[in-house]
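Chemist: Summarising the annotation, TrEMBL assigns transmembrane segment to 34-53, 73-91, 103-121, 133-153, 160-179, 191-209, 221-242, 254-274, 286-305, 311-335.
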Amino acid sequence: MISVVSTVESVPRGTGIPAPSLYQRIRKVLTRDLLVTLALGQVLSLLICAISLTSKYLADDFHASTPVFQSFLNYILLFLVYTTTLAVRQGEGNLLAILKQRWWKYMILGLIDIEANYLVLKAYQYTTLSSVQLLDCFVIPVVLLLSWFFLLVRYKAAHFVGAGLCLLGIGCMVGADILLGRQQGLGDQKLFGDLLVLGGATLYGISNVCEEFIVKNLSRVEFLGMIGLFGSFFSGIQLAIMEHKELLKVSWDWQIGLLYVGFSAFMFGLYSFMPVVMKRTSATSVNLSLLTADLYSLFCGLFLFHYKFSALYLLSFFIIILGLVLYSSSSTYVAQDPRVYKQFRNTGSQPATDPPQLSAGVLEPSVTYTSLGPEPGDELPVRVA
């Protein structure tokens, strides 16, 4: 049984301590850990931006609309790197041992991951680009709710305000798209396309929360190895059924081959790096960081595809970053079993004798005890003189 004593001293009135300056307050908020967290999230956004650009070149310049085949290449890479790593391991982390214990769970997770990608990509054929960007944010409340109920994560007011600011930034970006007339992808069945986006966002949320649980409680290699195994299997079946004719129509040359290689490399990097960031932060924080990916694509489109510029894009970017800073500046906590973690004030635990009187210049401590013992009867007495 371990007992931890933390002392918080109250400052006497009238000491004349100057108030911290604005620079000191900013330094207190923008800590090194927070800046590293923001930077890692933006690396993920840049990878998604690169994935979007290579997909656009394949679809627009070479008329190669093969989303299932592109995902299949990524799952094959995950299989070759991480599944084979599990296969040569010894002990409980071995591939066969993992399959014996929880193969059906990873099979369901693999199907969820495949269909999440497919539904969102398919939605571009039926609805507008603005609708996809806006409705894809539905993943944020999905992740918040699933983390609350299944991971027992508890949030503070700052987290909800920060998430709200990020969504406000996306709304600002979509408004700029509408004002500039960027209504790409409008089809005859817009409602059907919107439902596809909502379905894909829901599956993304489920997949991300499961990923957070696995990488924090099991291992990153196990998650990626199982996704590579079942993802390559089921996406291969889906490719043979739904996309084999489109694949035969592709006019293969070195440029198309290079784009496919680039897409696979960026996708593999995203899948490999996201668990690292998610273990450090959370599924909610990662998804909030990914909201800037559309803005990076728009900024690249200004030079590559001659998009029209709007000052609302810059405003949207700064609003999202401000929301990320606010969300990351306050830590979440996990609800625990009260029998394991108890916090109580030092009432009734002091000796019967009156404590010595402190002089006016001595700070009076306020003591909080935190006991990590499993049973109340096992607690050791702690006396603070």
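Note: Cβ is positioned from N, Cα and C throughout, glycine not excepted.
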Chemist: Six or more residues beyond either end and a Cβ under 8 Å away: which residues meet both conditions relative to the transmembrane segment (73-91)?
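Modeler: Result: 97-98, 221-222, 224-229, 231-232, 235, 260, 263-264, 267-268, 271-272.
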Chemist: Within the same chain, where does the transmembrane segment (286-305) have neighbours whose Cβ lies under 8 angstroms from its own Cβ atoms, ignoring anything closer than 6 residues to its ends? I mean 6 or more beyond.
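Modeler: Apart from its flanks, the transmembrane segment (286-305) reaches 38, 40-42, 44-46, 48-49, 52-53, 56, 133, 137, 139-140, 143, 162-163, 166-167, 169-170, 173, 204-205, 208, 274, 277-278, 313, 316-317, 320-321, 323-324, 327.
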Chemist: Mind checking which residues of the chain, 6+ beyond the ends of the transmembrane segment (311-335), have their Cβ under 8 Å from one of its Cβ atoms?
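Modeler: Sequence-remote neighbours of the transmembrane segment (311-335) are 29-30, 34, 37-38, 41, 151-156, 158-159, 161-170, 172-173, 175-176, 179, 281-282, 284-285, 288-289, 291-292, 295, 298-299.
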Chemist: Using a Cβ cut-off of under 8 Å, list the residues of the same chain at least 6 residues beyond the transmembrane segment (103-121) that approach it.
Modeler: 67-68, 71, 132, 136, 196-197, 199-201, 203-204, 206-207, 210, 226-227, 229-231, 233-235, 238
